[in-house]
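Undergrad: Take this structure first; my questions come after.
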Amino acid sequence: MGSKGVYQYHWQSHNVKHSGVDDMVLLSKITENSIVENLKKRYMDDYIFTYIGSVLISVNPFKQMPYFGEKEIEMYQGAAQYENPPHIYALADNMYRNMIIDRENQCVIISGESGAGKTVAAKYIMSYISRVSGGGTKVQHVKDIILQSNPLLEAFGNAKTVRNNNSSRFGKYFEIQFSPGGEPDGGKISNFLLEKSRVVMRNPGERSFHIFYQLIEGASAEQKHSLGITSMDYYYYLSLSGSYKVDDIDDRREFQETLHAMNVIGIFAEEQTLVLQIVAGILHLGNISFKEVGNYAAVESEEFLAFPAYLLGINQDRLKEKLTSRQMDSKWGGKSESIHVTLNVEQACYTRDALAKALHARVFDFLVDSINKAMEKDHEEYNIGVLDIYGFEIFQKNGFEQFCINFVNEKLQQIFIELTLKAEQEEYVQEGIRWTPIEYFNNKIVCDLIENKVNPPGIMSILDDVCATMHAVGEGADQTLLQKLQMQIGSHEHFNSWNQGFIIHHYAGKVSYDMDGFCERNRDVLFMDLIELMQSSELPFIKSLFPENLQADKKGRPTTAGSKIKKQANDLVSTLMKCTPHYIRCIKPNETKKPRDWEESRVKHQVEYLGLKENIRVRRAGYAYRRIFQKFLQRYAILTKATWPSWQGEEKQGVLHLLQSVNMDSDQFQLGRSKVFIKAPESLFLLEEMRERKYDGYARVIQKSWRKFVARKKYVQMREEASDLLLNKKERRRNSINRNFIGDYIGMEEHPELQQFVGKREKIDFADTVTKYDRRFKGVKRDLLLTPKCLYLIGREKVKQGPDKGLVKEVLKRKIEIERILSVSLSTMQDDIFILHEQEYDSLLESVFKTEFLSLLAKRYEEKTQKQLPLKFSNTLELKLKKENWGPWSAGGSRQVQFHQGFGDLAVLKPSNKVLQVSIGPGLPKNSRPTRRNTTQNTGYSSGTQNANYPVRAAPPPPGYHQNGVIRNQYVPYPHAPGSQRSNQKSLYTSMARPPLPRQQSTSSDRVSQTPESLDFLKVPDQGAAGVRRQTTSRPPPAGGRPKPQPKPKPQVPQCKALYAYDAQDTDELSFNANDIIDIIKEDPSGWWTGRLRGKQGLFPNNYVTKI
């Protein structure tokens, strides 16, 4: 049922172009190539979503798509999946309704490799559920927390990698908890394996967590002073990888979003200040370097100790002591004693980095706990879980973190394989349908290789064993691990070793892991000395982040990072198994992160390892389409009189009647207990074709008539209102009197740098690039914007100083409030010049769309002043100048514009001293009105007159040519200047005096920024043993030996090549880009030819093209 209680068939909402198939179950040929080709067709037409049954495939567009607004939310709310094109909102709505109706917990598993768009998909699901669910003030508060948790956790947990500019470096399972009525009244976040090592080291070309760069870019002057914030390259930790800026990330703006998120979640201002204090403290901690003195470590420059000690509220000397030495407990003969051990340079650097990593991890845990406390509820009822976890990834050097990340992805792949197959199997059994199981690669063998406890032990068990037996030994542990792996699992088909590590044949391809640091990172133990140091802080907040009981914690073996992630992964699997699962399979189309860039081999590789072909086969399993009887009857009821408008009888018999009415063979369908199953896509297309024949004719007649009526009424009214302003007062131009009004001739949606000058909620009535003449009558380009309140003139200037020096940026040249306009002056001739008279000074402008502009200005003027806009018509116009205090043109003064009868439709301008002479030929008579021509477009040949097919206007001049002989400046967008930043942070909570910020040390050899030696790891990975397994379980495609029929030869038609880009000025025209090839259908002496481009037929100016 629709939202208003009236059933709407899904064809009613398909007012969109179709590209490929929406559901790949309906592909006539199931091969990896056909799947890739279908995804490519849809991707190139900006359809990023495709179904495989109930599974949603999402291809990352690397740009903002237009179909995520209020209109789409309303369209998908309460609608069945097949009623609208594939969309993530359909899946989110299905989850939400199933939870309410079935009273079952739901979850969505979002999987895909790094950079495939998983985090964005999770955001859309949470925002949709937040939007469609009801509730009062408390519920709205929970919704706000749910939405604001994303920017906060992204700031502290996301980073730029070589594969993804906003890569999640932690896993997150977000449970949105609901009341029985469906209102979100609570929530819970479980986070997994934050990649804290990113704080102190990362691959070349990557960044640390976003918050460090946000703080440096967005902090106020007061914050920068108190936190010791300076340039990014001052901090050793940030300079490691040589990457500071990201093209599509505005760190300054996102810093404000992070602060706002902390406010919404309820983190006190004092705690916010301390969180930022720790972030800055980590940066300053990294600047402490060490030198070797007698084989031991000493701080190279002690002045670098002062600021981190100050920010963390600890004693400077104690910090120095704990970084260069360690207390070790020793037992001998039943007695224990503490030994003071001095560290070497390598150990001191490790200790410093361990403290920095621990501080960031503890702050991250504090933020997660704060979010959970803000959403906590007494008891759980129903929930929807959203799993957004790090994607499968391969880097130049893959360490322990990548090993854990890829293990979790193996577990998720296993869930997908088992649950989709299990759910499909159960449906056939319940409906009494026979089916043949589909073979597939089960990656359980890889999961067991990693996590098995015994017989044989898995990699994680061997790793924990080595860490336990060599707990006090740092050197040689990694090589011992490698030797044990070779000895115990070296013969495993999904495992290989090499001199510095090992290789796992994952489901997504072979990954080579470097053993360096494996054991140390798995131990993940923070030295007691560092905990004692942080517990000595005079800041209670920092103390609270280290709550360990040091005496109690000395007993027992500490839990390793590997065992933690293994337990978290298995707990996650158990949680997901208790929910009704939904799936989003994200695909990354390229490594360039650019829209419309399609790497065929990369996509095909993902299609293969995600098992999409097997998924389609399982879904079809002999029957490509299935639908419950009621829905099937509703959809195809129009096919027979007996079923329309409703079937009177048993639903199953009604379905059988419909199938027999289209003469479908009995072996092409089967009726289950509650559903009809149709075998081949062609049989379904037969039903669709029959239905279309019934509806199509009626729909076209209604649509055509209605559009014709509305368009004619709208355009006639607009043209006549505009024409009345000039009627009997000014000659009209032949090429504009009958044109349609567009309003936006700049494309404001694509130019946010212009929107910054307009109020947030101001509607832009008119936008055009016009010519503005100065006191010397020299023409310059200005963007003219008209809103209900103001008129704006925007120009461009080079920045002369500051960080943006030399860049050309938009500048607001003039802003006139509508009510301050005194009058508008025009000539009586057909020119496009007019003068805006304002109290201070006038503006002399020229616009080919002057009539449209003046009609809109007149409306807004009347709304504001309750008076009509004064329009003055004369062939001698007075121009009042702006007062200046420089040069020979000082003072205000005036100028005069005189109009004379000339020749042709193009105005000729001749400035002379203080007078501008304008000559132009005669136009249409002053009493001319727009003709009431048909607004519907005729795209074929017509036997009528030329005027029926061609506009009454001259073909436009090619780009670069101005009608007055002046070269036009091309419109070039530039990034807007960054706005000012606010700060509401309080002062630091420490009794220490702020130390001076030490000068940056000269870069030593171990601090040189790295550059990637090779980008081979970005190539499609070797599929390994998993790929071989997939090939052996694949069945041959049907009719594999038959050659394809030869395509029909295309008809030969004359063609032309576009010399310049052209934007259609009317609804019957073609838009095209330079170098486009256009089929010529008809040439006309008027200069307007008829052509066809990309399936669309229309008029275009012949002076913009050349024949080929």
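Cβ coordinates are placed from backbone N, Cα and C, and glycine is handled just like the others.
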Undergrad: Going by Swiss-Prot alone, which of S980, S1005, S1034 is annotated as phosphoserine?
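TA: Record says S980.
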Undergrad: Scan S928, S1002 for the residue that Swiss-Prot records as phosphoserine.
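TA: Swiss-Prot records phosphoserine at S1002.
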Undergrad: Count the residues of the domain 'IQ' (695-724) that DSSP assigns to helix (H, G, I), to strand (E, B) and to coil, and report the three numbers in that order.
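TA: Across the domain 'IQ' (695-724), DSSP assigns the residues as follows: 30 helix, 0 strand, 0 coil.
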Undergrad: Within its own chain, what residues at least 6 apart in sequence put their Cβ under 8 Å from the Cβ of A116 (ATP binding site), listed in sequence order?
TA: S58, N60, G391, C586, I587, K588, Q606
Undergrad: Looking only at DSSP and grouping its letters into three states, which state does E113 (ATP binding site) belong to?
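TA: SS state of E113 (ATP binding site) = strand.
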Undergrad: Check each residue in the chain of G112 (ATP binding site) that is at least six apart in sequence and keep those whose C-beta is under 8 Å from its C-beta; list them in sequence order.
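TA: Once residues fewer than 6 apart are set aside, G112 (ATP binding site) is near S58, K118, G391, F392, R585, C586, I587, K588, Q606, L610.
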Undergrad: As a test of reading the model: what is the averaged pLDDT for the domain 'Myosin motor' (19-692)?
TA: 88
Undergrad: Any same-chain residues 6+ apart from T119 (ATP binding site) with CB under 8 Å of its CB? Would you list them in sequence order, or say none?
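TA: Once residues fewer than 6 apart are set aside, T119 (ATP binding site) is near E154, N158, N166, S168, D388.
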Undergrad: Could you check what DSSP calls T119 (ATP binding site) once collapsed to helix, strand or coil?
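TA: Once the DSSP labels are grouped into three classes, T119 (ATP binding site) ends up as helix.
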Undergrad: Once the chains shown are all counted, how many other Cβ atoms turn up within 10 Å of the Cβ of K118 (ATP binding site)?
TA: 27
